[in-house]
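*Asks:* Dropping the structure in here first, questions after.
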Amino acid sequence: MDVELDLFCADGVTPAIDNEEAQRLIRLVLEDRNVERDCMVSLSFVSDDSIAELNGTWRNNPHPTDVLSFEMEHPWDEDLAQDEPCELGDIVIAPGFVAQQATEFGTTEADETRLMLVHGMLHLLGFDHMNEADACEMQQIEDAILARMDGDGTLTEAILTRHRGEEA
């Protein structure tokens, strides 16, 4: 399975993880979910103002948030051309907002960014947290994926999803 990552960083925005780590996380999510076909993902790191505008447009909530996901195609869709990559969709992360959350939750910006990327990827694959059962399932998957990280800057234990009780 190949992963094509289209990475965008807005002016003045610095993500806490690099392109290589983002690709590794995306691959871990896809492997965990048994996705075998080639996939494309767009990942953007934007300002709090930009994500607030997107949040207002798409979720009718004109305030900053940590991550937004916009699904496009699902890898198990039989109508997709098998010889072309599946365009999973777009993930948008606001590093400024994520940094505030990291402080609030006692984690690092990198750990919180990793969680947001995994969370966003699961949304692209059809997961949601609209009810407690779905939120628990999503959290367990996130924790398992994050626990598999290894190498420099790894998590020593999985941090917990902070999205329970939020309206999706």
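The first residue you see is number 1, and the count goes up from there.
Note: Cβ is positioned from N, Cα and C throughout, glycine not excepted.
OK, TrEMBL features for this one:
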BINDING   HIS119, HIS123, HIS129  Zn(2+) binding site
*Asks:* Return the residue, from the listed binding-site residues HIS119, HIS123, HIS129, with the maximum count of other C-beta atoms within 10 angstroms of its C-beta.
*Replies:* HIS119
*Asks:* In DSSP terms, helix, strand or coil for HIS129 (Zn(2+) binding site)?
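*Replies:* DSSP assigns HIS129 (Zn(2+) binding site) to coil.
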